[in-house]
Amino acid sequence: MSLVYLLSTLILIMVILLFTLTNIKFQKYAGHIALLAPIVASVYFLYQLPSVMQGNFVSVKIPWLTLLDINIDFRLDGLSLFFSLLISLIGLAVVYYATQYLSKEHDNLPRFYVYLLLFMFSMLGIVTANNTILMYVFWELTSVSSFLLIVYWYSKGDSQFGAIQSFMITVFGGLALLAGFIMIYIVTGTNSITSIIEQSDKIAQSHLFIPIIILLLLGAFTKSAQFPFHIWLPKAMAAPTPVSAYLHSATMVKAGIFLLFRFTSVLGLSDFYIYSVTFVGLITMIFGAVNATRQFDMKAILAYSTISQLGMIVSMVGLGGGFAQHPTGELSKIYGMILFAALFHLMNHALYKGALFMGVGIIDHETGTRDIRRLSGLKKVFPITHIVMLLSALSMAGIPFLNGFLSKEMFFDGLVSTVELPQFNLTLTVIITVIGVIASIFTLVYGVYMIKEVFWGDYQQADLPKKSPHEPFLFTLPSAIMMILLPVIFFIPNLFGHNIILPALRSITIGEKVDQVAPHVSQWHGFNLPLILSLIVIVVGFIMALRINWKKYANQVKVKTITDLYLGSYKQFEHYSGYGIRSLMNNRLNHYITITLLIFSMVVIYGMIQAGFPEVHQIHVSDFGPIEVITLIVVFVLGIALTFIRQRLTMVVLNGIIGYCVTIFFILMKAPDLALTQLVVETITTILFIVSFSRLPNVPRAKVNKKREAVKIIVSLLMAVIVVTLVFIAQQGDSMPTISTFYHDAYKLTGGKNIVNAILGDFRAIDTLFEGMVLIIAGLGIYTLLNFKERRGQDERE
């Protein structure tokens with residue numbers, strides 16, 4: 001089964017779910033139907049794993065807009081498979097978890113699962129797309145589906161605000177990403193990602209290289225919640241917990257990181273990229289970790305924790321970006337180890353953070369609150385959830401015998417090794433190492449503190465909104481499976497490292513022998529500096545979490561947050577955009593037409609200037625006599641007159657006369673079909689206009705605005721000049737192959753003796769079909785307007 005068939009299967013399952021929207025009997029089974037999608041996807045990607053491990057890839061290419069190199073092009077290589085397995089397997093756990101979390105009576109289940117599968121479909125599209133424009137389409141689809149999932153409980157104000165904020169920020173980043181892709185196309189002449197990577201040196205030598213880096217980083221940073229674009233992620237926690245566990249910890253927030261991985265071979269050729277990504281990641285890491293200690297809502301704690309961990313991964317991607325400059329030698333081993341660590345920690349983070357979110361969802365579902373100030377002693381009521389969240393928090397903190405310890409130690413190893421890299425010196429190495437250590441200490445602090453406050457101590461049921469909470473086993477099953485993998489990966493890391501992570505690393509550095517530089521993950525590397533840093537984090541972190549009352553000091557600090565800045569700028573944007581809309585949308589049709597024609601004129605003039613004007617060597621003008629001259633003069637005079645006349649009936653009549661003059665031109669040019677069509681349409685249109693006057697209100701005649709009329713005349717003359725110029729340019733050469741021979745065989749190809757009928761009914765049949773649909777829709781609109789009667793009464797309006 002190809003990738004196209006897989007994505008088509010996901011669409012089919014979504015369509016089936018849509019049919020259950022109106023069937024109450026089947027609505028409660030929506031989750032079980034939705035489970036088919038991640039099961040099919042997981043089986044497919046696991047089936048492809050042995051082949052990809054050997055360096056092969058699956059490729060599907062369907063030509064589309066070949067002139068612009070926009071094709072439906074998919075490629076499943078090691079990196080795509082790594083992310084696809086995360087998306088499908090975590091998706092399987094989340095969809096099953098959602099069947100236990102959501103109410104079958106009160107929640108609109110089919111709608112939720114359609115949104116969730118739409119997001120899964122979009123994410124798989126991002127990671128398998130081999131065309132930049134195709135990737136952008138899926139990129140924005142994730143923003144749309146994320147918006148729909150966050151606002152799923154649309155009656156809540158927090159859901160509405162969080163959805164709008166996340167949509168605004170991520171779509172802004174998506175537009176920046178599109179601009180970056182367009183610049184890449186300008187430089188390389190291709191949208192194929194594999195071809196772009198092959199031309200990395202050409203891009204690096206271009207004067208657009210730095211703008212390309214900035215635009216792609218904007219796309220990645222907004223999607224992966226990097227400072228200062230992180231503010232949307234905590235507000236997105238208003239979504240149902242399955243959404244938070246899937247989108248905002250394991251998948252969507254990793255899309256930006258995937259983008260950085262995919263274009264490392266190109267972007268890593270710039271030291272600007274390495275510095276920018278590394279320091280933005282480290283700032284995000286420490287910012288998220290410190291802010292997590294200030295929260296009381298468990299999902300808010302995990303949201304800032306996710307921001308911090310994403311920053312950690314991004315910083316490793318930045319540090320490892322130098323592999324593009326040094327693909328061989330001793331330096332390549334350091335870069336390769338750091339990139340490997342980034343992939344390793346990304347996988348670990350998806351597991352322990354998904355388990356943590358699911359645990360929080362169980363507690364919220366059963367107790368009615370996520371406020372750690374109201375929770376205590378829950379290990380007696382939720383023993384399985386206690387173990388799951390405890391081990392997951394310890395793994396996140398980098399405690400031995402859990403997978404997080406291995407990737408955290410590799411992170412420290414990468415930080416201290418930067419002193420050997422040409423982009424860094426001893427001072428920078430010390431700075432980034434200190435930032436990493438401090439952020440890691442706070443990671444342990446908020447993780448252990450949350451477990452202590454929620455699960456340890458005396459159980460106080462009276463403070464809980466819901467009474468008699470319990471822990472259904474099937475509810476805990478997905479998070480328990482994720483938790484079991486945490487120590488398993490610690491003891492057999494190379495099973496995952498060699499079979500899943502190494503193929504992904506090969507795809508990041510296409511054409512390089514990364515097997516020689518990829519590290520062998522070991523639980524013991526001796527007593528070295530990374531181990532010492534890990535021990536410092538553990539000791540200091542536990543002391544702060546269990547012995548020091550740091551919480552009161554953390555919440556005494558009052559700072560003007562970036563959220564306040566966002567809200568202020570959002571209000572200003574809303575104010576000025578409202579002013580702009582009111583200026584443009586003034587309910588004057590001629591104003592809209594004027595603006596449209598002006599923009600069209602500028603685009604056409606710019607295109608003609610860029611293309612250059614050919615040498616004029618021939619001008620073909622049709623033969624004309626007195627009738628043509630008189631008709632042309634009539635059209636010209638009536639056109640000028642229409643600019644100044646204000647009587648509606650007179651304007652309609654004069655407009656009809658112009659239409660009849662066009663009919664005369666068609667007759668003189670021996671086009672009877674066109675003349676007949678023009679005559680009928682002009683007559684019907686004129687009659688409809690006159691009849692409609694009886695239903696229109698009496699509007700006082702407006703005074704003639706000389707400036708406005710002058711603009712109309714100038715725009716009209718400008719369009720006339722442009723059209724005539726285009727006709728003359730078209731006469732100067734055959735830049736495009738002629739289509740006359742194509743129409744010469746019209747009778748044989750279509751059976752139509754009339755060339756116009758052959759064009760409309762066969763050669764451009766689809767275009768004609770859609771034109772007919774437009775007419776039908778317009779007719780329905782007119783029918784509705786003519787038959788609309790104002791409904792009276794409050795009950796009818798409701």
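Backbone N, Cα and C define each Cβ position, glycine as well.
Now, the feature entries from Swiss-Prot:
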TRANSMEM  78-98  transmembrane segment
TRANSMEM  109-129  transmembrane segment
TRANSMEM  133-153  transmembrane segment
TRANSMEM  167-187  transmembrane segment
TRANSMEM  209-229  transmembrane segment
TRANSMEM  300-320  transmembrane segment
TRANSMEM  337-357  transmembrane segment
TRANSMEM  472-492  transmembrane segment
TRANSMEM  526-546  transmembrane segment
TRANSMEM  593-613  transmembrane segment
TRANSMEM  625-645  transmembrane segment
TRANSMEM  674-694  transmembrane segment
*Contact yes or no, the transmembrane segment (337-357) and the transmembrane segment (78-98), 3+ Cβ pairs under 8 Å, gap 6+*: yes
*the transmembrane segment (472-492) in contact with the transmembrane segment (78-98), cutoff 8 A, at least 3 CB pairs, sep 6+*: yes
*Would you mind listing the long-range same-chain contacts of the transmembrane segment (78-98), meaning Cβ under 8 Å and 6+ residues beyond its ends?*
31, 34-35, 37-39, 41-42, 44-46, 48-49, 52, 57, 112-113, 116, 120, 123-124, 127-128, 240, 242, 245-246, 250-251, 254, 258, 261-262, 343, 346-347, 350, 354, 358, 361, 475, 477-479, 481-482, 500-508
*May I ask for the residues of the chain that lie six or more residues beyond the transmembrane segment (625-645) and have a Cβ under 8 Å from a Cβ within it?*
651, 654-655, 657-658, 661-662, 664-665, 668, 704, 709, 712-713, 716
